[in-house]
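Written out below as structure tokens is the structure these notes cover.
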């Protein structure tokens, strides 16, 4: 259920964009992201920092898009969010308090060196996606950017998640692998 909620704003943005335009879709994205927070809190009594940061960025850039009637703001939102995620992961790793390990380390027991590899892998991924977003957003058509944002970045994120899980599992001690397979 939680993963479905993560996709709700993206699906609504895409559907509204296809029916109307980028401006109505931006407003719908703001509303859907707010709804996502409300439903998540109602169901789980907790809101993750990532969702809160995304909501603030969607609201900020979406509002600027609507006020100035300029889609450049909503296009920049993607890169800014990825940059913030990359910075947060990098800083947490440099401070020896890796975010990914704190989120997943209880379920996936691996050496700190492996968590560092995973962290830097995701930092690189977020930076690359942010840079590619700039290229697609400002060099190609708006429709191409929307499709890239919805399908391309989602697919890349899912692929990288699978790669990460495989890498973590491969580097997990045998006794922990057996526990997970029970």
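Placement of Cβ uses the backbone N, Cα and C atoms for every residue, glycine included.
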Labelled transmembrane segment by Swiss-Prot, one stretch among 1-21, 148-168. Can you tell me which?
148-168
The answer for the transmembrane segment (118-138), taking Cβ pairs under 8 Å and residues 6+ beyond its ends, is 72, 75-76, 78-80, 82-83, 85-86, 89-90, 92-93, 98-101, 144-145, 148-149, 152-153, 156-157, 160, 164, 167-168
Same chain only, please: residues at least 6 beyond the ends of the transmembrane segment (22-42) with a C-beta under 8 Å from a C-beta of the stretch. Say none if there are none.
2, 5-6, 8-9, 12-14, 16, 48, 51-52, 54-55, 58-59, 62-63, 65-66, 69, 71, 74, 142, 146
